[in-house]
Every structure is written in C-alpha cells, then in structure tokens.
Amino acid sequence: MVFRIASSPYTHNQRQTSRIMLLVLLAAVPGIAAQLWFFGWGTLVQILLASVSALLAEALVLKLRKQSVAATLKDNSALLTGLLLAVSIPPLAPWWMVVLGTVFAVIIAKQLYGGLGQNPFNPAMIGYVVLLISFPVQMTSWLPPHEIAVNIPGFIDAIQVIFSGHTTSGGDMNTLRLGIDGISQATPLDTFKTSVRAGHSVEEIMQYPIYSGILAGAGWQWVNLAWLAGGVWLLWQKAIRWHVPLSFLVTLALCATLGWLFSPDTLAAPQIHLLSGATMLGAFFILTDPVTASTTNRGRLIFGALAGLLVWMIRSFGGYPDGVAFAVLLANITVPLIDYYTRPRVYGHRKG
C-alpha cells in the first residue's frame, strides 16, 4: 500500500483568489459611486485608464516571462491595483499620470518581485507615492465637492480636461477648482494643515465652506461612509478579517482625540481624521491586502495600530496632508518582524 504524503496546509479555504478579488471590486462600488456623485465623471475615466493600463502592463510582463497570460489575468489582482490607484488620485489628473502610476505599480512593485503573493509592498500605494513625490501639484489638485463647487464638469468636459487640460468651453483645471468663496479649494485635510501653518485658528478654519458637512468635510464624509459600507460588506462576506480595520480606526481615533484635547488650536478633531481623506478606503481596502499585511491575528492588530498611529503623525506633523499611503508602506516594512514575534507556538512545543 502506498501512502501519499502531502505538505501543509491541510485545511483549505475554498474561495479562490479571483473570487476574493472580485468581492473586493464589488465592495468598492459604493465608494466609487460616492466619488462620482461628489467629484464628477473624472473618477470613472481614471478607473478605465488604470484598469486597461494594469491589464496591459501585467500581460506584457507575463509574456516576457513566458507565463500564462490568461490564467494570471483572471485572478483580478491587476484590476484591483488599478482601481485602488485610480480612486486615490484627483479625478481630473492628466491621463499620463494614472497610466504611469499604474504601470509602475504593476511592473515594478508587483511583477519585479515575482508577481502576486511575492510583493512586500502594496503595489497601488507604491504607484501613488511615486506620483505624489514626482508631481505634488497635480496630485493635490482635487475638485471641491459639488455641494460647494461652482460647477462640476460633465463626462465630455472631464475627458477633455484629462486628455488636453481644457474643457470644451476653454476652461482649465484652475478654473474648475475655483470654489464658492473665490479661492482654490483643496481637501479638508490639506486645507486644515495649510491654514494652521498660516496662523489661522481652528475656529476660523472650521467656518470654511469645505467644512460645511454634518460630521466632517463637505462631500468627503459621505465618500468615507460609502467606503465604510463596502468594508462592512466585505467583513460580512468574510473576504477580509476585522483585526486590521478595527485596530487601525481605533488607534487613529484615540490618537486624534488625545491630540485634539491637548492641542485643540493646532490639531484636527477626531471626526476630521476618520471621515476625511482616504481613511476608510485605507482601513478596509488597502491595509487588508493579504499579501502585504501581517499573517497572524495578533500581528494584524499590531499592524493596523501601527498604521493608524503613522497616519495621525503624518497628518498632524508631516509635510503631506493625508498620510495613508506612506503609513501603509512603512507598516509593510515591519511585517516580517511583526510576524516573527507573533507567530503561534507549534503544538506540543514549549517556549525555550
């Protein structure tokens, strides 16, 4: 009689990678819809550009490596990378920026390390950081949400601006960014940081139109709540685990609350941190990447808490208004160390 010896793992999750990626893509629909509503059709154009670029870049590398193109593209990981990058950049950023960022993310940050499962850093965030450092002006040129905007460009105008820099009527990006108070608007986090450095009081800052929302910044609060809804659905579907999002949000809220209580004249209130920028997108869709996050439950709690602390520190004291991308990459660096010290004890073995 011949006994077959199989290597671990001996228990398996029946869900394939492609299905999990598809669930994440579906969960992103509420967040995408909210961004389309508040910032216009540019987001959809960026998603289409990023998706096509990601698939072509991945196919090219797979062809060069003589690997199966069709089988790998079916895992949907390239599409997810493109999507996450596209929703992270301003909706009217030039077309070549999203193409450049996506190609860099797929080829350099993912395939250069061996493909899905081998990359130590989140590819979408690598692409985002490369663009942010290289083109800071374009990467911070967000439109004001439609609640306070003079006008939001339609689909044709969005395409025109993305590909040529001008609308059909001759308006440019600066014209579109002109807010109701006659000044160029930015995100709530960017506005807060810039205004504090200019010597304005928090009381004055919170009177700006960008903070006319019920809980936080106009438009941005609903965008974050939409991403939160998608994240809760992912938890319900058991596509992600709760450890990273919970520890991230609790740590960010705790740090923001303590900072605000000790320095209310210079630091943003907790609701600004939780419902502005890429907070919920990062908590449920970026930090939960199974490849670049910690693999143990205790490790996931530490990983999420570290990212939350880093986001608050970068937003409060760093040079960039939103620190999610940098926090994710810095936390990715610590994953091997976290996993080493949180690995479970082998059954039957005692600690030495």
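Using N, Cα and C of the backbone, Cβ positions are placed for all residues, glycine too.
If you check Swiss-Prot, you get these features:
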- THR187: FMN phosphoryl threonine (MOD_RES)
- 20-40: transmembrane segment (TRANSMEM)
- 42-62: transmembrane segment (TRANSMEM)
- 89-109: transmembrane segment (TRANSMEM)
- 123-143: transmembrane segment (TRANSMEM)
- 214-234: transmembrane segment (TRANSMEM)
- 242-262: transmembrane segment (TRANSMEM)
- 267-287: transmembrane segment (TRANSMEM)
- 301-321: transmembrane segment (TRANSMEM)
- 322-342: transmembrane segment (TRANSMEM)
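Of the candidate ranges 20-40, 123-143, 322-342, 20-40 has the most C-beta pairs within less than 8 angstroms of the transmembrane segment (214-234). For the transmembrane segment (301-321), same-chain residues at least 6 beyond its ends with a Cβ under 8 Å from one of its own Cβ atoms are 132, 140, 186-187, 189-190, 192-194, 243-252, 255-256, 259, 267-268, 273, 277, 279, 282-283, 287, 293-294, 327-328, 330-331, 334-335, 338, 342. Between the transmembrane segment (123-143) and the transmembrane segment (242-262), fewer than three CB pairs separated by 6 or more residues in sequence fall under 8 Å, so the two stretches do not touch. Only residues 6 or more beyond the boundaries of the transmembrane segment (20-40), in the same chain, are considered here, and those with a CB under 8 A from a CB of the stretch are 47, 75-77, 79-80, 83, 87, 91-92, 142-143, 145-147, 152-154, 158, 219-220, 222-223, 225-227, 229-231, 233-234, 237, 239-240, 280-281, 284-285.
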